[in-house]
Amino acid sequence: MEKLKIAGGYPLKGTVKIDGAKNSAVALIPATILADSNVTIEGLPDISDVRILKSLLEEIGGKVSFVAGEMKVDPSNMIAMPLPNGNVKKLRASYYLMGAMLGKFKNAVIGLPGGCHLGPRPIDQHIKGFEALGAEVTNEQGAIYLRAEELKGARIYLDVVSVGATINIMLAAVKAKGRTIIENAAKEPEIIDVATLLTNMGAKIKGAGTDVIRIDGVEELHGCRHTIIPDRIEAGTFMIMAAATGEGIVIDNVIPLHLESLTAKLREIGVPIDIGDDQIFVGKSDRLKAVDIKTLVYPGFPTDLQQPFTSLLTRAEGSAIVTDTIYSARFKHIDELRRMNANIKVEGRSAIINGPYKLQGARVKASDLRAGAALVIAGLMAEGITEVTGVEHIDRGYSHLVEKLNDLGATIWREELTKEELEQIKSS
Ligand SMILES: CC(=O)N[C@H]1[C@@H](OP(=O)(O)OP(=O)(O)OC[C@H]2O[C@@H](n3ccc(=O)[nH]c3=O)[C@H](O)[C@@H]2O)O[C@H](CO)[C@@H](O)[C@@H]1O
Ligand SMILES: C=C(OP(=O)(O)O)C(=O)O
């Protein structure tokens, strides 16, 4: 196991190219199960979530290659192999195997998913959708069993706006008989990307990206080639890094529309921003003024950028309140920022930051993916050396982070954990 070491205080400058979106990738890959011939996806990020999903497709009989961001999937020999344990526990998005395998085989056994621990993350809306389509769903010893004689289109109202439930129901419904209508659907760009792939495979989907999605089931889905959208959360993380320690950074390969809520907040805090067609320039800012943020479903401020933004706010003058309305416990990075000299209070679902603080390098632990990003940002801003453990969380969602940051002028490297550190992690 490794840790990251960061020597703080080096200003960042240059251009960084953003990879394909993790939260699209993890749905596009399971979606290939539904096809009857080869599907190729271009521009996938080189992250552990993608590699684990590749192994899962292989476990069920898929022939899969993944070279230079391009994944080719031959689904012709796939079977409804039960996956109650193992790799499915290593990521959140293994839940998409439920919708895809139910849609294809009318039968699936998938262990309850892993992913970041951010408070309770139920999947009741996914199950409500599968049941509405005609599946019998049971939970037996931590695995979800799904069976259906036949899937039939239905009208499904989501009680909670959920990215995962919206996509999972789409996956199960594209081959169901008749029309499915998802009401109160999530509107994230990743949902449009998955709908685009499915449409290229022959599915009939209208309304993805709005809160009502209509799906008319088809008998067969065929192979195709698809290019993934850029990762708005990776892009946002680099925009926040640029605001924190940058001297002018171009964020390349982005869809600026997907980043409007962050762009608005960065401008409000005092960061100069120029928007191009597929690039965003983030300029240097000597003084930042505190702003409040509240996470919301898309197009609101994304919860996945809440933790990185909190690190940036330690540099801002004044009092800022950060409220996460999506997850009840997405503040595990705060204790670690406190070790670095930030005096942040957490009250319920809000963190209160009275900056500015001069961060000091420290040994800190990433408890989840975006906590890791937040700590890397803090390390870049801090005086001295910061050591971040829990790198496996960061590797779930950031492709070549160390290389990209070093290219921008940061001093960051990976080191093997010492025996003592390994023992400490095991005992904690
Ligand atoms: C792989 C992936 O795409 N992950 C993203 C996805 O997660 P994920 O799809 O898990 O998140 P959801 O949009 O489903 O969750 C939103 C909220 O709804 C609740 N909920 C969800 C489903 C359900 O059946 N019942 C229920 O109560 C959740 O606990 C949470 O409070 O969207 C989140 C919200 O933008 C992001 O933080 C994650 O990065
Ligand atoms: C919460 C996240 O991921 P996941 O849903 O895959 O755990 C994230 O990407 O910030």
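Every residue, even glycine, has its Cβ placed from backbone N, Cα and C.
A TrEMBL annotation is a machine prediction, not a hand-curated record.
Values in this document were obtained by computation on a predicted structure and should not be read as measured data.
Record check: TrEMBL places Arg92, Arg121, Pro122, Ile123, Asp124, Gln125, Ile326 at the UDP-N-acetyl-alpha-D-glucosamine site, and the matching candidate among Asp74, Asp304, Asp335 is Asp304. When the binding-site residues Arg92, Gln125, Asp304 are screened for a C-alpha within 10 angstroms of the C-alpha of Cys116 (active site, proton donor), the residues that qualify, in sequence order, are Arg92.
Checking the binding-site residues Arg92, Asp124, Asp304 against ligand 2, the ones whose Cβ sits under 6 Å from it are Arg92, Asp304. Distance from the CA of Asn23 (phosphoenolpyruvate binding site) to the CA of Ile326 (UDP-N-acetyl-alpha-D-glucosamine binding site) is 16 Å. Arg121 (UDP-N-acetyl-alpha-D-glucosamine binding site) falls outside any helix or strand according to DSSP and counts as coil. Cβ neighbour count for Asp304 (UDP-N-acetyl-alpha-D-glucosamine binding site) (all protein chains, 10 Å cutoff from its Cβ): 24.
If you take the Cα of Asp304 (UDP-N-acetyl-alpha-D-glucosamine binding site) and the Cα of Lys22 (phosphoenolpyruvate binding site), they are about 12 angstrom apart, rounded to a whole number.
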